[in-house]
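Sequence annotations record features per position, and here Swiss-Prot assigns Zn(2+) binding site to H18, H20, H202, D287. Swiss-Prot lists H20, N22, H68, S100, T101, P102, R103, D142, G175, E205, D287, D288 with the feature N(6)-methyl-AMP binding site, giving similarity to another entry as the kind of evidence. According to Swiss-Prot, the feature active site, proton donor maps to E205, an assignment based on similarity to another entry. According to Swiss-Prot, the feature site 'Important for catalytic activity' maps to H226, an assignment based on similarity to another entry.
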Amino acid sequence: MDTEADLFYRQLPKVELHAHLNGSVSFETMEKLIKRKPHLNIEHSMTAIRRGQRRTLDECFQVFKVIHQLVDSEEDILMVAKSVIQEFAADGVKYLELRSTPREVTETGLSKQRYIETVLEAIRQCKQEGVDIDVRFLVAVDRRHGPEVAMQTVKLAEDFLLSSDGTVVGLDLSGDPTVGHGKDLLAALQKAKNCGLKLALHLSEVPSQIDETELLLNLPPDRIGHGTFLHPDVGGSDSLVDKVCKQNIPIEICLTSNVKGQTVPSYDKHHFKYWYNRGHPCVLCTDDKGVFCTDLSQEYQLAASTFGLTKEAVWILSQQAIGYTFAPEPIKQRLEKTWAELKQQILQ
């Protein structure tokens, strides 16, 4: 990790709602994977964007390709998922929604079904081992793979929504935003919504996607990932902002990811400020803590130092995130109770 966050931000109970499994793999876990697969000739520099470095969004997607080569069997997925969950818990995250695109790898016999089952097994094992975190899973649709695969993924997600005892709660739409068009995936997303899956969609991650965003906001999604170019100052439109505000759709904010991936020029120019000042629901997230060398404590500290938030304001930001989770009501109530219990000792 680049810098240690202060104790207050570490102790702060947190909710993480935008975390891609493969992008969240830490330096230490990468080390183990690289050692296990020397024939791939992969170096650390290929899997993480170090401090002060910037990459284009395209280069960031190249990093994921490398990570996918390292994580290609059930054994890898189990190890990676468990370590990611443990690391979030160690950082004071009390509730986590992980997301990942189910993949099949013929060489290792991995199927999409087994991919999801293995992530669920990792979640189960962490719970059994007493790791202090509640974890749910969003099945991801990679937009690059087109409408047919999207429909198959939705079908899988639907099956797991019914069979995973509440662990699978929703669907994520992600992948390279410059590939494909949302209109081709609309039917699959609508089907997901109809069967009770919550939708977290990456929207307006790159400029000039007004038509697609307009279309997808009509669904509407339950949360927006990034939403970097929604407002008119950055090439979005008033009508997009109105839609988002009218429907009160929470925005998943990923500060470090956007700055290191160069979709935002600097922290102080981040769109968090625009939405936060409007009083719109925002939740701070890491996106890919491994790739971008960050953690959620750091993201909170960055937001506080960049935008002058008091500890009280930071606490409220963290607590409000409970309401934006896809967790069932009893879980939300339990989390509220946890926050209330911790407030006195942490917020002095």
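Each position is counted from 1, following the chain as shown.
Glycine residues also receive a Cβ, built from the backbone N, Cα and C atoms like all the rest.
Annotated features taken from Swiss-Prot, shown on the structure.
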| residue | record | CB count, 10 Å |
| --- | --- | --- |
| H18 | Zn(2+) binding site | 27 |
| H20 | Zn(2+) binding site | 26 |
| H68 | N(6)-methyl-AMP binding site | 13 |
| T101 | N(6)-methyl-AMP binding site | 22 |
| R103 | N(6)-methyl-AMP binding site | 15 |
| G175 | N(6)-methyl-AMP binding site | 18 |
| H202 | Zn(2+) binding site | 24 |
| E205 | active site, proton donor | 23 |
| H226 | site 'Important for catalytic activity' | 27 |
| D287 | Zn(2+) binding site | 28 |
Practice task
Using the centroid of the Cβ atoms of H18, H20, H202, D287 as reference, list every other same-chain residue with Cβ within 8 Å of it (recorded Zn(2+) site), in sequence order.
Solution key: A19, G23, R99, D172, S174, G225, H226, E252, C254, S257, C285, D288
Handout entry: Using Cα positions only, nearest of the recorded positions to T101 (N(6)-methyl-AMP binding site) (H18, E205, H226)
Key = H18
Completion exercise
With D287 (Zn(2+) binding site) as reference and a Cα-Cα limit of 10 Å, the qualifying recorded positions from H68, G175, E205, H226 are H226
Fill in the blank from the handout: Spacing of the two Cα atoms, H18 (Zn(2+) binding site) and H226 (site 'Important for catalytic activity'), in whole angstrom, works out to 9
Problem - Rounded to the nearest Å - Cα separation of G175 (N(6)-methyl-AMP binding site) and H202 (Zn(2+) binding site) - result: 9
Exercise for the section: Work through the binding-site residues one by one (H20, H68, R103) and name whichever has its CA nearest to the CA of E205 (active site, proton donor). Expected result: H20
Practice task
Work out how many Å separate R103 (N(6)-methyl-AMP binding site) and H20 (Zn(2+) binding site) at their Cα atoms, rounded off.
Solution key: 14
Handout entry: H20 (Zn(2+) binding site) to H68 (N(6)-methyl-AMP binding site) - Cα separation in whole Å
Key = 12
